[in-house]
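Pulled from TrEMBL, these are the features on record:
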- HIS11: active site, tele-phosphohistidine intermediate (ACT_SITE)
- GLU89: active site, proton donor/acceptor (ACT_SITE)
- ARG10, HIS11, GLY12, GLU13, THR14, ARG15, TYR16, ASN17, ARG61, GLU89, ARG90, LYS91, TYR92: substrate binding site (BINDING)
Amino acid sequence: MVTFGLTVVRHGETRYNKEKILQGQGVDEPLSEMGFRQASAAGLFLSDVKFTHVFSSDLLRAKQTAASILGKSHFCKEVAVKYDARLRERKYGVAEGRPLSDLRIMAKAAGEQCPSFTPPGGETLEEVKARSKDFFADLCHLIVGEACQEKQATEKTTEKDTERAGESSNTWLTNHHRCLEFHSSPTECPEELAANVLVVSHGAYMRNWMSYFVSDLECTLPATLTKTELSSVSPNTGISQFLIKLENRDNIKPKIQCIFLNRVDHLGDVAAENL
């Protein structure tokens with residue numbers, strides 16, 4: 001069994017977010033001043049988390065958010081960010097660059113409801129799901145592969161050193177113990193983790209990814225989470241945390257536990273600055 005932590009963060013606010021204009025993939029806006037403050041606050045909140053892998057959408061607002069988070073890290077400033085187009089926001093076609101209200105008008109005219117409506121040139125929810133499913137499958141394969149290689153290397157070293165022959169076969173996990181903790185004062189780690197992964201992405205994409213976790217992979221949820229919270233788009237720099245357990249075999253459904261979803265208490269001071 002291989003266990004890893006997954007932290008998913010939505011990018012910080014852009015000018016278009018504030019003005020409720022759809023960006024999708026075709027409008028590549030930078031973070032606003034508020035967005036940079038939000039990203040900095042998320043970075044402080046995550047500053048003691050020892051991320052082993054960092055992935056980001058290749059759109060500017062996500063790239064800037066990932067850089068801001070790592071810039072505040074006590075451990076991960078030198079971790080290379082891997083930009084992946086599969087983490088991009090949903091494509092909204094002709095609706096990109098237009099007010100969200102226009103999308104609702106288009107959906108109503110077509111006799112459909114948002115967010116299931118697909119504007120001309122946009123992606124269907126199934127197409128977005130396919131992207132998230134493909135990324136997650138590759139991520140799981142990567143973590144399992146690295147964990148197995150690490151274990152094999154440790155076992156070979158142990159065999160050569162008879163003085164260490166009595167050590168636990170789980171040394172490889174202990175040596176890579178990562179604290180799945182999001183406060184500046186970490187408490188005792190609940191799990192021994194083979195890896196701790198940070199992903200920075202987008203609101204509609206993340207909501208679709210969460211739907212895949214729950215509907216297809218039977219992710220367990222916090223008892224206090226409401227249906228409204230589950231179906232809502234994450235606020236800017238909302239933080240979600242998951243614990244992923246994988247068997248070292250192919251075609252085995254991962255066991256996923258959502259620790260919390262779309263957490264924003266790190267934004268308290270940022271919001272207070274604007275009162």
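Using the three backbone atoms N, Cα and C, a Cβ is placed for every residue, glycine included.
Note: ARG90 (substrate binding site) has non-local neighbours GLY24, GLN25, GLY122, GLU123, LEU125, VAL128, HIS202, ALA204, TYR205, ASN208, i.e. same-chain residues 6+ apart with C-beta under 8 A of its own C-beta. Just so you know, of the binding-site residues TYR16, TYR92, the Cβ with the fewest other Cβ atoms around it within 10 Å is the one at TYR16. Recorded residues GLU89 (active site, proton donor/acceptor) and ARG10 (substrate binding site) have their alpha carbons 10 Å apart, per Cα-Cα distance. For the substrate site, whose annotated binding residues are ARG10, HIS11, GLY12, GLU13, THR14, ARG15, TYR16, ASN17, ARG61, GLU89, ARG90, LYS91, TYR92, the maximal Cα to Cα separation is 20 Å. Residues near GLY12 (substrate binding site) in space but far in sequence (CB under 8 A, at least 6 apart, same chain), listed by position: LEU31, SER32, MET34, GLY35, PHE36, ARG37, GLN38, ALA39, ALA42, ARG61, GLN64, THR65, SER68, ASN236, THR237.
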